[in-house]
Amino acid sequence: MSPPKSLSRFSPWLLFSLVLFATVFTSAMSEVSSREAAKKRYMSRKVRKMFYHAYNNYITYAFPHDELKPLTKTYTDSLSELGNLKLEHLPQNYNGSALTLIESLSSLVVMGDHKEFEKAVLWLSDNLTFDVDARISLFECNIRVLGGLVSAHILASDSTNRLPHGVYNNQLLRLAEDLGRRFLSAFNTPTGLPFAWINLKYGVMENETTETSTSGCGSLILEMGALSRLTGEPKYEMAALRALRKLWSMRSSLDLLGTTLDVISGEWIEYSSGIGAGVDSFYEYLMKAYILFGGEEFWDMFHTAYVAVQKYFRHGPWYHEADMRTGKATYWQLTSLQAFWPGLQVLLGDVAAANSSHREFFYVWEKFGVLPERYLLDREMLHPTEKYYPLRPELAESTLYLYQATRDPWYFEVGKAIVDSLELYNKVEGGYASIKDVTTMEMEDHQHSFFLAETCKYLFLLFNDSFLAGQNYIFTTEGHPLPVKSSWHDRLPESHYLNSWTSTEHGDDRKHTSAMSMQVCPITTPGGYGNRQVESACHVHDTREDHRCKTDEDCGVDSMTCRKRTCSIAGYCGLWLYFR
């Protein structure tokens, strides 16, 4: 049967128009994609130059001391000063531990500079010692030095042959274990909560302060846990886990924790708390420990704490401080450290909430050019109360996480704005200087090691994420990557095996691996994972295809998070538990 004459006459022109439109559209999209790729290459080169301007000046003027003073082109042996606000008990004969070099190790690998990485590893292998009479912060030394060494050991010994055969023989791991052993004396308290300060040579000193922070007790599990998994010595992980459990047991009836406490008595000293300084990485490490090591205990702690934070600290997109006992607001003072929170929410899957807070932080950045350390929000007016900006990475970190989750080019523009600000306000001939006063942009003579460990790394990954291709890492609070491996999940309770394990097949090769370790949990992943078909053991469909429900029993297990779905007041299945 022939088509109607009108349709027959019109069809070739319609077809030609559709083909022409498709060609033009495809060409236009290809051109847009090409321009975007060119922008990324340009920005990644710009960040690389930023990193090496900071790194080379450190090597020239400060190495092997701890950190660079870029204005005077000298150095500071700052490991003993980190967290030591009153600069008490400073060592007399301490000449640094190459802190910035240690912090730069993983960044060198991220940027593909294996030759400089090799030089740094060999120097540290031959010269670094922790047998020094120096009183240091356990928290800072853990996240910067132990974390840097453990991460670099993994990067040096993996299968990508980053180092020539025979060059590396676990030298960094031996240094990390030596440091970990020195940490253990700090945990010898009635509560299991560690002292905030130890002497690397002599352990806990006589009459040492017993005051510490929530972060100081609750942000040790990633580095010390990884050290245990690498060495086969459980004592490091057990010490950190015992402290974390004790800290969690001290939460209030509202599931809130304070900021400072006493390690001997186990009593709170400061009841006001939030998600900023003194507490921030506690929340971060609960979630990341769940991803890295598995185990429902970490998830249960994090989920309970997250719900309490959302209930008592949140005010629109902002988070104020509140009394852990009553939940009543105490300080409406906001901090730049809080800018890590959107990145954590991305890991949780709460991207909408993450985006809301992230945009507010970027608004503050645009207003001042950088983020002031602390500021008050008074009727939408910003009043800096601590006016310095020490090259912090948190906003760049959350920008990377949000871009990775959404691929929204707006985050790319945020990253570009951050780079432009750093080049305009912080770059000097001798490196990158901190800002002493954001209202005048007066500089401070200090280039913190985390600028190379985190700020440059996160910005580089935003524009060039080739390091992450085919890999699955979590980043410590100091930006050091740790691989998520199923072999590190071998001590999970039986209930976790049943709920969250995934079968992967590749030919005749079948093995079990944690769904969280691959960050996949759908019943099937189109195209498979690394050319392997992935089928989840945890996914349970809702009873009805339209996801309507009358009770929780009508709801299944979420395919992406392996969490039990529940029935909302409106009668729909979802992860409503997050928001109750």
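Cβ coordinates are placed from backbone N, Cα and C, and glycine is handled just like the others.
Summarising the annotation, TrEMBL assigns active site, proton donor to Glu140 (among others). Around Glu140 (active site, proton donor), the same-chain residues six or more apart in sequence whose CB sits under 8 Å from its CB are Leu79, Leu82, Gly83, listed in sequence order.
Remark: Asp280 (active site) has Ser215, Leu337, Gln338, Phe340, Trp341, Thr477 as non-local neighbours, by Cβ distance under 8 Å and separation of at least 6 in sequence. The active site annotation in TrEMBL covers Asp280 (among others).
Taking the Cβ of Glu373 (active site, proton donor) as reference, residues of its chain lying under 8 Å away and at least six apart in sequence are, in sequence order, Thr335, Ser336, Pro384, Glu386, Lys387, Tyr388, Tyr389, Pro390. The active site, proton donor annotation in TrEMBL covers Glu373 (among others).
Counting Cβ atoms from all protein chains shown, Glu394 (active site) has 23 others lying within 10 Å of its own Cβ. Look at TrEMBL and you will find Glu394 (among others) tagged as active site.
Around the Cβ of Thr477 (Ca(2+) binding site), a 10 Å sphere holds 25 further Cβ atoms from the protein chains shown. Annotation source TrEMBL lists Ca(2+) binding site at Thr477.
The annotation signal peptide is assigned in TrEMBL to 1-30.
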